[in-house]
Amino acid sequence: MVLTDSEIEFIRKELGRDPNPLEYGMLDVMFSEHCSYKSSRPVLGFFPTEGEGVIIGPGDDAGVVEVTDELAMAIGIESHNHPSAIEPYGGAGTGIGGILRDIISMGAMPIALLDSLRFGYLEDQKSRYLFEHVVKGISDYGNRVGVPTVAGEVEFDDNFQLNPLVNVMCAGLVRKDEIKRGIAPRPGDVFLLMGGRTGRDGIHGVTFASEELTSSSELEDRPAVQVGDPFTKKMVMEASFEIMEKIEVSGVKDLGGGGLTCCISELVAKCDNGARVNLEAIPLREEGMTPYEIMLSESQERMIFVLSPDRVDEAMEICRKYELPAAVIGEVTDTGRMIVESEGKVIADLPAKLLADPPVIEREAKKPDLPEGQVEVQHPLLTEALLKLLSSPNIASKRWVYRQYDHEVQIRTVVKPGDDAAVLRVDEKTGVALTVDCNSIHTKLDPYGGGAASVGEAIRNVVSMGAWPLCIVDCLNFGNPEKPEVFWQFRECVRGMADMAETFGTPVISGNVSFYNETEGVTVNPSPVVGVAGRLPLDSIKTMDFKAEGEKIIVIGDTKPELGASEYLRTVHGIVDGKPPETDLRAEFDAANSVRRIIERFGDKVTAIHDCSAGGIGVAVAEMAIKSGIGATIDTGKIPGSFSNIHEALFSESNGRYILTVTGSVEEIIQELEVPCAVIGTTGGGALKFDDVALDVSELYDAYHGVIEAYMST
């Protein structure tokens, strides 16, 4: 049980009595960090959540934002870190299942999945095992339910060796007049439970996710990992949409963490209503299940529909059509109480608000020691450094991952994995760019700046496709919030993210917090995973690859002597230290807005765009050459900024920078850019040249490809 002594005392005072064992179990689940957000809620208030086009913000199963006059997009993101550490294949697969149900609950058809994954270095056998089976779990589940996995990111670092991070984002489309909510507003309506049968898997899943892992977790906590079934999920999806199309439902919610206890209490508490639940009506997968097990089970592929009693027969007929178990398991009441009955007796009677809205905890925050200066190193040859960066699993091609995913099912994917963002077709004219990004090293060494920079990088990725950000979702992965240094990291990171979002006027419409990512005293690098959706006309998509020889290369944004916390230091020198790049909120916005303006004004004259992030300008230009097979000549002295040597010029990770190629006259474009910028080179030839240093594009290609494949074949 994760209830603290003070929480138990609070509960006794609210009830005027001691809870019985079932009630204790229900309260334990709902007071868990995973369900209650009791530590994070005060901090999450920093986020801007309202803005043009926002239909539903935080607080429901997913956020919803307007995309066209008729269509909206539901977007959510979730973590499945602890389950994936224990059972990587099943943990990752059920993570996909959970986020799909969140999108379906809004009435939206899922059209895209994205994943953000973090593991230990691939030299470690256990890390390779976790990586292999997490990717297979994602691909098997996503491919079988027919939802494309279109983009993502992967990071490898020692701090994720014992505690991998598995975050999944999903986007879906829904007509604006068909959006559903997770509410139960009408007393007298009934709860229709449909989908998978309820078993013993996943019991205590949310409390398991609200504690640190230990050396014995792999054995002791395996029953807390849910068991997914993608075939049943496919049937649940189809049946759900048919029910929502044919029957007026007043509320829809999936059964995820906390099972029936969480789902029903949240449905009714939002409307100040109550619920009566009959355990005998619930379709079970196993015999002899206790009320405690039934109410806390997190068995997968289950949905609750709130509807009028006179529409039950129609809904049941649809469920029979798809061979799905279904039953009316209770009703909405006006009592404000969550009542559970078994064999005609009341066995639990709790205020719904007490379950769904536990009190917050004001955590202590303490600033840890952080680096204040740059790290002095002896720089190797430029060619050696660039090739080593390109052959690092953190930068090298992720083709081993995305080739396992079906990214073209549904035939919406316009720009496929491997670019700055994926682009999907919404209608004949409109597309959405989707990305997910994070910089855990910057956040570890400067939480405020790293949080802001993670939002900035995600926005740069959609801007580089020709889109403008509509909304942000986030998945915040941190250690134990009871430790003051960890909570300070979390608070400062959220402040930085919120400030960057506010600068762009881009609302945060949904999110997830995953605490307790610690094992045996090793805390993960704080990882604020940021998903961004941007809208763009389908006829103005940009991609990163060079398009032709003889085009001018422009850099937007200043490059500074900021090698601290860089991929260059981590990969080439084995150092994770130094002050990360500064975050200039206004400069980040001005650079993005300048890119938007020149795309709008000059259109096809802008032939390629790529953001600068891990590895700096050197890696960014190399990736553009590798993607196209076209070389380039770069004059590093023309790069705008204040660096002191070529390694700083090429590998600093200063924020707010883009690389563009343009055709025709460049002067007019430069004049339009009211930010630091310069023409730094020209495309052409079979080599990438930085001043008098040259590398054949074929050599860059070979360094960049086959890296992860080589590790995974050992």
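Placement of Cβ uses the backbone N, Cα and C atoms for every residue, glycine included.
According to Swiss-Prot, the active site annotation covers His34, on the basis of sequence analysis. Counting every protein chain shown, the number of other Cβ atoms lying within 10 Å of the Cβ of His34 (active site) is 26.
Among the features that Swiss-Prot reports, ATP binding site is placed at Tyr37, Asp474, Gly511. The number of other Cβ atoms within 10 Å of the Cβ belonging to Tyr37 (ATP binding site), over all protein chains shown, comes to 18. Secondary structure at Tyr37 (ATP binding site), as computed by DSSP, is coil.
Secondary structure from DSSP puts Asn512 (Mg(2+) 1 binding site) in a beta strand. Residues near Asn512 (Mg(2+) 1 binding site) in space but far in sequence (CB under 8 A, at least 6 apart, same chain), listed by position: Ile77, Glu78, Ser79, Asn167, Asp474, Cys475, Leu476. Marked as Mg(2+) 1 binding site by Swiss-Prot on the basis of sequence analysis: Glu78, Asn512.
In three-state terms derived from DSSP, Asn81 (substrate binding site) belongs to a helical segment. According to Swiss-Prot, the substrate binding site annotation covers Ser79, His80, Asn81, His82, Arg101, Gln226, Glu298, Ser299, Gln300, Ser514, on the basis of sequence analysis.
Per Swiss-Prot, active site, proton acceptor is recorded for His80. Its own atom aside, the Cβ of His80 (active site, proton acceptor) has 31 Cβ atoms within 10 angstroms in the protein chains shown.
Taken residue by residue with DSSP, Asp102 (Mg(2+) 2 binding site) is part of a helix. Taking a C-beta cut-off of under 8 Å and a sequence gap of six or more, Asp102 (Mg(2+) 2 binding site) has these contacts in its own chain: Asp61, Ala62, Gly76, Glu78, Cys170, Asp254, Gly256. The Mg(2+) 2 binding site annotation in Swiss-Prot covers Asp102, Asp254.
If you compare Cα positions, Gln300 (substrate binding site) sits closest to His80 out of the recorded positions His34, His80, Gly511. Gly511 (ATP binding site) has His34 as its nearest neighbour among the recorded positions His34, Asn81, Arg101, Glu298, going by CA to CA distance. Here the binding-site residues are Asp254, Glu298, and the one with the most other Cβ atoms within 10 Å of its Cβ is Glu298. Gln300 (substrate binding site) is surrounded by 27 other CB atoms, counting those within 10 A of its CB over all protein chains shown. A Cβ within 8 Å of the Cβ centre of Tyr37, Asp474, Gly511, the residues given for ATP, is found for these other residues of the same chain: Ser40, Leu44, Phe47, Pro58, Cys475, Leu476, Val508, Ser510, Asn512, Val513. Within 10 Å of the C-beta atom of Arg101 (substrate binding site) sit 29 other C-beta atoms, taking all shown protein chains into account.
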